[in-house]
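Trainee: This structure is in structure tokens; I'll ask about it shortly.
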Amino acid sequence: MIKQKVAFLGAGSMAEAIISGLLSNKKLTPEQIYVTNRQNKARLSELKELYGVHVNTNHEQIVKSADIIILAMKPAGVKEAVASIRSFTSENQLFISVLAGITTEYLSYLLGHNAPIIRTMPNTSASVGSSATVISPGAYVHDAQLQIAASMFESIGIVKHVKETDLDSLTAIVGSGPAYMYYLFEAMTNTLKELELDEQLGEELLLEMMQGSINLLKATSDSPRTLYESVRSPGGTTEAGLQVLANDDVQRTISTCILRAAARSKEITKEKINNT
Ligand SMILES: NC(=O)C1=CN([C@@H]2O[C@H](COP(=O)(O)OP(=O)(O)OC[C@H]3O[C@@H](n4cnc5c(N)ncnc54)[C@H](OP(=O)(O)O)[C@@H]3O)[C@@H](O)[C@H]2O)C=CC1
Ligand SMILES: O=C(O)[C@@H]1CCC=N1
């Protein structure tokens, strides 16, 4: 059980996933959680209704008395958001960011003081308690603060401690990664029609097939190549399909996709600094 008061600046899908995990795992009570956003009052009412948390459009009232402030707005809005709370914050508060591509150093600069800041990257599987979250302390963070942050994110899945210099690359893997999995799933489901299959049945089977493949990957020490070679029979169906993937160099395309997402994460803070 965490004793501190926690304020969320941003009330979108990531904030909700974290709030939901914290409450269902009894890490915090609704009385300890304060939420604000930019202007969407209906959204705040919805979160109050669903989770019983305190909500308020007044940033000062939400942030001033909080021990921990979670930054959960889009990176594009970070300057405006931090400017709106800067004068009500102090070095005695702990800041936790879920923002893609925004460094703790840049957040320190925006805050204008030396508060401890922890950078994290969860993912949307948080909403079902299955996030793979990476977490990294900026300057001024004590071990006890890092432990509290890790414990909060453990309520929405697994947590790995990493160096901040790895966070941009890991954002591509854990943060954006689910989108690429859904993209693959969509490509497979789109093919069901062309195969003249019942789509409901096909989707159910596809999901089980993907889940089963992941279960086997997790359970075995065999490499992915060994696993797909064990599926392939010479002259068989799998080989025919794998040949198409090899001809189109699909593995290279997937690598390029992940590299581009990682590079984009690196660009985000640089763009902000250049526009200052
Ligand atoms: N979605 C994802 O897969 C993941 C997202 N992230 C990160 O999480 C962050 C939030 O993403 P997500 O929840 O998807 O975004 P959403 O668009 O769902 O939510 C953004 C929230 O930020 C609020 N906001 C915007 N500007 C301000 C401001 N000036 N002050 C206070 N609140 C503000 C918005 O309020 P209003 O509606 O009133 O404008 C809204 O509640 C991003 O930085 C993203 O990089 C991290 C991991 C995964
Ligand atoms: O696309 C984005 O920028 C965010 C960060 C990771 C997932 N969504």
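Positions of Cβ are set from backbone N, Cα and C atoms, glycine also.
Checked TrEMBL, it gives:
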BINDING   LEU9, GLY10, ALA11, GLY12, SER13, MET14, ALA72, MET73, LYS74, PRO75  NADP(+) binding site
DOMAIN    5-101  domain 'Pyrroline-5-carboxylate reductase catalytic N-terminal'
DOMAIN    164-267  domain 'Pyrroline-5-carboxylate reductase dimerisation'
Trainee: Calculate the per-residue pLDDT averaged over the domain 'Pyrroline-5-carboxylate reductase dimerisation' (164-267) and state the result as an integer.
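Mentor: Value for the domain 'Pyrroline-5-carboxylate reductase dimerisation' (164-267), mean pLDDT as a whole number: 98.
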Trainee: Find, among the binding-site residues listed as LEU9, ALA11, ALA72, the one whose Cβ has the highest number of other Cβ atoms within 10 Å in the structure shown.
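Mentor: Sorting the candidates by Cβ neighbours within 10 Å, the top entry is LEU9.
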Trainee: Assuming the binding residues for NADP(+) are exactly those in the record, LEU9, GLY10, ALA11, GLY12, SER13, MET14, ALA72, MET73, LYS74, PRO75, what is the maximum CA-CA distance in angstrom, rounded?
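Mentor: Value for the max Cα separation, rounded to a whole number: 14 Å.
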Trainee: In sequence order, which same-chain residues at least six apart have a C-beta under 8 angstroms from LYS74 (NADP(+) binding site)?
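Mentor: Same-chain residues close to LYS74 (NADP(+) binding site) (Cβ under 8 Å, separated by 6 or more) are GLY10, GLY12, LEU99.
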Trainee: 10 Å Cβ neighbour count around SER13 (NADP(+) binding site)?
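Mentor: 12, counting other Cβ atoms within 10 Å of SER13 (NADP(+) binding site).
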Trainee: Three states by DSSP: which one describes ALA11 (NADP(+) binding site)?
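Mentor: Reduced to three states, the DSSP call for ALA11 (NADP(+) binding site) is coil.
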